[in-house]
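Noted in Swiss-Prot for the protein shown:
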type     : residues                  : note
COMPBIAS : 32-44                     : compositional bias 'Low complexity'
COMPBIAS : 57-79                     : compositional bias 'Low complexity'
COMPBIAS : 94-166                    : compositional bias 'Low complexity'
COMPBIAS : 193-235                   : compositional bias 'Low complexity'
COMPBIAS : 251-270                   : compositional bias 'Pro residues'
COMPBIAS : 388-409                   : compositional bias 'Low complexity'
COMPBIAS : 439-469                   : compositional bias 'Low complexity'
COMPBIAS : 478-492                   : compositional bias 'Basic and acidic residues'
COMPBIAS : 553-567                   : compositional bias 'Basic residues'
DOMAIN   : 668-840                   : domain 'tr-type G'
BINDING  : 677-684, 727-731, 781-784 : GTP binding site
REGION   : 727-730                   : region 'G3'
Amino acid sequence: MTSSGKVRIYELSKDLGLENKDVLDAAEKLSIAAKSHSSSISDSEAGKIRSLLGKGASPSQPTAPAAKPAPAKPAAGKSILSVKKAPASPGVTAPVAAAKPQAPAQPAASKPLQPSVKAVAPPARPAPAGSTSAGSTPNKPATAPARPTAATTTSTPRPAAAAAPSRPAPSKPQGAPKPQVVGKPSAPELVSKPTPATKPTGAAKPAIVSKPITAAKPAVVAKPAAAKPTIVKPTAPTPRPASSPAAASSAPPPASTPRPAPSRPTPRPAAAPSRPGAPQGQKPQIVSRAGAPPRPGTPPRVGAPTKTGTPARPTPRPELVGKPVPRRTGGVGAPQRPGTGVPQRQGGPARPGAPTRTGKPGAPTRPGGNTLELVGKPIRRDGSSASGRPGAPTRPGAPTRPGMPGGMRKPVAPGELMQLQKPISRPAAPAPRRPDAPNRPTEAAGTATPPVARPTAPSAPRRPGFRPGAPGGQRRPGRPDWDDSAKLEALRSRSPQKQRQKVHIIGENDDALAAQTGGFAGEQQAMVLSASLARPAKPKAQQRTAPKPVAAVRKRRKETARQRQRRRAMELRAAREAKQVRPEMIVVPEDNLTVQELADMLSIESSEIIKSLFFKGVIATVTQTLDMPTIEAVAKEFDVPVLQDDVEEAAKKTVEMIEEADLKHLIRRPPVVTVMGHVDHGKTSLLDAIRQARVAAGEAGGITQHIGAYQVEIQHKDEARKLTFLDTPGHAAFTAMRARGTKVTDVAVLVVAADDGVRPQTLEAISHARAAEVPIVVAINKIDKEGASADRVKQELSEQNLLAEEWGGDVVMVPVSAIKGENIDKLLEMLLLVTEVEDLQANPDRPARGTVIEAHLDKAKGPVATLLIQNGTLKTGDVLAAGPVLGKVRAMVDDNRQRLKEAGPSFAVEALGFSEVPTAGDEFEVYPDEKAARAVVGDRASNARATRLAQQMASRRVSLTAMSGQANEGELKELNLILKADVQGSVEAILGSLEQLPKDEVQVRVLLSAPGEITETDVDLAAASGAVIIGFNTSMASGAKKAADATGVDVRDYDVIYKLLEDIQLAMEGLLEPELIEEALGEAEVRAVFTIGKSAVAGCYVNTGKLHRNCRVRVHRGKQVVYTGDLDSLRRNKDDVKEVATGFECGVGADRFANWEEGDRIEAFKMVTQRRKLTT
């Protein structure tokens, strides 16, 4: 014993008088970790080994005699086993050969002894009565290996057991284990009744039968046949009269001939354990502890022999001590030993097709044979006996299982043994009966259907089907064997035999099968797999359904995360390639696109755009926002034209003002005419001529900067007709205004100056009119000026698909002179003719709907909006909602400043009473009450906030084309502005113009932009942020001027947009650092070199300009510059001078340069600072 209180294996072997390997075998069966004779084990583990080896010795002897009858057969195959232990019991001689296998069986027996410790199914236990009495202890069943058929059944089920026997226990005669049986009083019974030898739990063990192993069934088939021989001896005592006659008749033939296993030969080489006897030891894992309550849902085994001593207590279904294994009934047709009256597990239904053993009175047959659980290794049941009669039991009392050849069995191949180790628990629900299985339990004994021929078991990965047993045998359980709940139950009830479970090698060769057992721990998975592999193939009918789930699992399992990523990448690539078609044109919304959005629009990879920008000197990311020039440059590289969305989208009519309910009340309404064209082409002058007013003369700078709405009444065919004119700005900054004017118009008048022709804003106006789908009437203005050519204008317009009527087109073109009033009447007549064709109608009897043309904040009136009513009638006091702004009309005035009480369709009015300045371009609608209007406004307000936030983010974006090195280094300067204008349209125009200013080194940030006067709050904000306040056509509120003076805030007021933009650009340039530039002074030529001490002086002649002392010089020698630095001394006739002019000679010296040579050219210059300009 070691100092820590542990015992070494070699010390224990000395105490027991055994060899080291015998003790190691016993430790292995008990799942005790012991690698060599010097390994240490605890006292409790040593006690277990002592009890196992001590008890096993005695039983083996009695078992040997029992085995005597069978020795002949087993001896041949099991000669390997040593007969040493067999002699222990008299009469064992003949069985000795068989005993060798039993030696392995003995280990098996030991495992049963440990069932509590290890879930070792008691292999065939020889002890009948004794076992029975001792059956209460699981250990005894372990000894059961000696027992014949019953024992076999028990041992067979344990696949793990089979693995355990990997190393033969020949050194230890089975006699050792058998002694355990002998120890039990039932030992004598064993001879008389080999089957009873199985411990009561052993009876449960028979459930092992479920495992389809032909060889294994007889006696721990997985175990070497040696164990069987032992069983054979008990078989010798034919005393098993209880068995049905059919069983008796069939018994001998099976012993002589292996059961017909259609799919594979009776001995399954794969299933044969490496060591014959050991398998039985492993089987004990399956052994259920005596007295253990049957597992819920498991039907009692039919025909399983029960210990005589335990009849009172229903034999509990063997619990899966180790790996769960389906229990099998005692061998089919194997009669119960006489005298074993232990009833079958109580409550367990008789297994259909399994004959009840005569010896078991009152044992209910198990109706749900399908629900059998694999307690140990499943054993193949063959319906046919040697005699060919299926269901014929082996010799009465023969321990061998029905259908198994008598005598010693050939050891199962290690590979198959591993497979057998997979435990399978079956759900209580009956599985579908196999076609070959008899429907009734009684049929089993009488008429047995011949077993269905099955193909040979496939390779390890394939789940072998179940081989049918004798007619009386259990039917093959179906998929229910793999029920998760049953497995989990088995895991809970099984004894700690985890080390033993490690034996499964299945994982080495079969990954696919390992995948099938998902949801179980590694060891349990391997066990389950091994059990499934041990089964023979199913009949074809069932095979179709069985593989399906496996295939599905495999399919899912095959795809790894990397494979899935590759597949998705390929799908995305294919999708991109499919839509790799370049668009004919892209429309850029609101001059704002990210790299990724542009890539999607161009149907190219974002990396291509990033690469293109990189070669242009711009570092970009996929989320970088691009400005319009950059978008156009990138799109041009890919040959895709770009169109700004606001050019067309803003001009589209999105809301239909006429509803279905208005159709019965429509009347003719006046047309709305929008006057558009390039700046200074005479739009407002033309309107003045039509209105006979002088509006243009009163406009700042002579240009229109907001929309004007006017109504003109003219005579046409002796009838007064009204026309509503909208005058739009022509400056490039007022694109949004022009778009809004076109959106509400019925006819567009395109004004083109005859002396200027088609200009950029002319083209934009054309695109607006086309987007709004309104007819165009061209007014060729200024025909009275010199150099005017109407035909040239028509030619240029024809290039824009506007062909004059006189040239065969459909566009009305009228030459006019706004100053002289020429052809004005003709133009109006053409407008009325065009609008008559349009059939313009509206319903004046409904609440008004229309569009906000312009809006501003008046310091006296508050928010004021110019509304164009497109349908219905607007009255004073109406509650209306204009976008997210709520208003109640307090007053209305027309273009002549006359107050109105109501205004009909196509009328333009200025309305007062809004809660805030509405947004120009929003539609308005009158609601019956304020509550309904507020509900609508609430929803719109939340949307407006989100839109505003997006716009603010967009205004802060950095243009890629404007990004410079200084900006990357954090030296980008910012000019903060606060913008206040008279109307909303002017604010939009100025913001749009500021976006076009170059931002290489100075970024413009608009902190606040709104219509209205400049307030003290604006001044405070400007003072806090260092901003400049820009006012456009607005004034300052009281107190604002004083606050601005006090805080030193710069407030600028403008009335012409040109001047405003010019000053802002100058302010941006003022933030730039001045740059140093060279200013040339003159040149001189070296004609002589004088050495003075260590330095040298050059005698020079000034050719051009002047030389200044301390100026910068470059010395050129040929094509090279040999020196650049300061000119330190300048002398003339030995006098220091400040400068030498052209045509004079002088001496030049530089402290850092003395290598003068004749012919050198001296270039004199100085560095001066210069104000920097913004570069576009």
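Backbone N, Cα and C atoms are what each Cβ position is placed from, and that goes for glycine too.
On a predicted model such as this, the values are computed, not experimentally measured, just so you know.
Known features from Swiss-Prot, placed on the structure.
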residue	record	DSSP class
GLY677	GTP binding site	strand
LYS683	GTP binding site	helix
ILE783	GTP binding site	coil
Number of Cβ atoms other than its own within 10 Å, given for ILE783 (GTP binding site): 20
Helix, strand and coil counts within the compositional bias 'Low complexity' (32-44) (DSSP): 2 helix, 2 strand, 9 coil
Local confidence of the domain 'tr-type G' (668-840) - pLDDT mean: 76
